[in-house]
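First up is the structure itself, then whatever we jot down about it.
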């Protein structure tokens with residue numbers, strides 16, 4: 001990416017503030033696509049026309065979750081099964097001053113109205129021709145997507161947190177990717193940035209966690225150091241368990257482990273969580289250096305109460321993924337941004353990651369951390385967790401090799 005001469009985030013913010021387009025590209029391990037984005041409050045009919053003529057994707061309008069609630073815009077579907085969980089709301093058109101909602105004038109007016117604090121639910125007709133999107137709170141530090149990048153750019157520019165975006169297609173109808181996006185940006189006179197760089201910019205500007213006091217912690221697996229961290233946004237407390245002297249830039253063995261009270265504490269055989277945690281500590285002790293980041297994200301981020309509801313559904317025949325979806329959650333709602341900042345805080349920027357989960361790798365790499373090796377951490381299945389592990393392999397892409 002460096003060879004393609006991406007623009008700086010500061011340059012892009014300045015243009016975005018003036019109402020100019022910016023091209024944003026995401027990670028190769030995600031969509032690896034470029035989106036044309038512009039501030040919602042600044043958009044003109046001519047810009048809508050440019051997007052339709054040159055980008056040719058789907059016209060969307062990212063707004064905050066709180067704004068969606070204010071405007072009474074529910075999710076487009078109750079169960080989101082799209083590949084990346086794209087959070088569409090019902091489609092809308094601005095009613096007053098518009099006709100069918102299709103014209104460039106009408107669509108620009110609708111997008112501007114989404115960014116108008118005086119707009120109410122009655123401002124819009126449903127369905128319409130603009131696709132609002134729910135943007136996750138905390139922006140790209142929560143979800144490394146174009147939707148969140150739009151909201152972050154608006155906030156960094158001092159504008160209302162709403163934008164318009166459209167995916168950029170090549171002439172042959174395939175998705176435009178680097179280096180073609182660089183050529184397009186040069187041809188159109190636009191700034192080109194990456195979500196990875198936007199994440200790095202925010203991580204330098206903001207602190208997500210408060211670091212606690214470090215203590216020694218002898219365990220049955222070896223002697224470690226423990227540092228607690230408090231997440232500023234919600235008060236959740238996380239833990240870093242460290243072995244040895246970690247030097248910045250040195251690839252060390254790392255396990256990012258989400259809390260599982262049933263498995264980690266009570267030894268539940270319905271999952272492999274506790275065994276993975278204990279095995280990770282043993283491996284790090286044997287290595288003589290490394291860290292476990294223990295995140296307070298029970299049930300893949302849905303909490304203990306919801307996890308128990310999911311367990312009950314599983315007892316009635318659904319699998320772990322279906323259970324989450326039936327309860328209105330995504331299959332995996334974990335936030336790796338806070339884990340990435342904890343790792344940076346203890347000096348880890350390169351790691352040999354203990355995981356079977358490809359999403360975890362992508363999640364951490366999206367925050368500028370380098371994973372030099374994936375180290376498997378497989379557990380022998382038992383009769384209680386056999387189906388759970390098979391679901392993780394078949395439906396969540398986990399790298400598991402048991403034959404059950």
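Positions of Cβ are set from backbone N, Cα and C atoms, glycine also.
Under the heading region 'DHBP synthase', Swiss-Prot lists 1-204.
Residues or ranges marked as D-ribulose 5-phosphate binding site by Swiss-Prot: 30, 31, 35, 143, 144, 145, 146, 147, 167. A helical conformation is recorded for residue 146 (D-ribulose 5-phosphate binding site) in the three-state DSSP classification.
Swiss-Prot lists 31, 146 with the feature Mg(2+) 2 binding site, giving sequence analysis as the kind of evidence.
The Mg(2+) 1 binding site annotation in Swiss-Prot covers 31.
Among the features that Swiss-Prot reports, site 'Essential for DHBP synthase activity' is placed at 129 (among others). For residue 129 (site 'Essential for DHBP synthase activity'), applying a Cβ distance below 8 Å and a minimum sequence separation of six or more within one chain yields 59, 91, 93, 100, 101, 102, 106, 107, 110.
If you look up Swiss-Prot, you'll see 167 (among others) marked as site 'Essential for DHBP synthase activity', on the strength of sequence analysis. Cβ neighbour count for residue 167 (D-ribulose 5-phosphate binding site) (all protein chains, 10 Å cutoff from its Cβ): 19.
Taken from Swiss-Prot, the feature region 'GTP cyclohydrolase II' covers 205-404.
If you look up Swiss-Prot, you'll see 255, 256, 257, 258, 259, 276, 298, 299, 300, 320, 355, 360 marked as GTP binding site. Take the CB of residue 300 (GTP binding site) and look out to 10 A: across all protein chains shown you find 21 other CB atoms.
What Swiss-Prot records for 260, 271, 273 is Zn(2+) binding site, and it gives sequence analysis as the kind of evidence. In sequence order, 268, 271, 273, 274, 277, 298, 299 constitute the residues six or more apart from residue 260 (Zn(2+) binding site) in its chain with CB-CB distances below 8 Å.
Under the DSSP three-state reduction, residue 332 (active site, proton acceptor) is assigned to coil, being neither helix nor strand. Residues annotated as active site, proton acceptor in Swiss-Prot, with sequence analysis given as evidence: 332.
Per Swiss-Prot, active site, nucleophile is recorded for 334, and the stated evidence type is sequence analysis. Sequence-distant neighbours of residue 334 (active site, nucleophile) (same chain, 6+ apart, CB under 8 A from its CB) are 258, 295, 297, 300, 301, 363.
Residue 167 (D-ribulose 5-phosphate binding site) sits 35 Å from residue 255 (GTP binding site), counting Cα to Cα. Apart from the site residues 260, 271, 273, the chain places the Cβ of 262, 263, 264, 268, 270, 272, 274, 276 no farther than 8 Å from the centroid of the site's Cβ atoms, the recorded Zn(2+) location. Each residue contributes its Cα atom, and for residue 355 (GTP binding site) and residue 35 (D-ribulose 5-phosphate binding site) those atoms are 31 Å apart. Per-residue confidence over the region 'GTP cyclohydrolase II' (205-404) averages 89 (mean pLDDT, predicted model).
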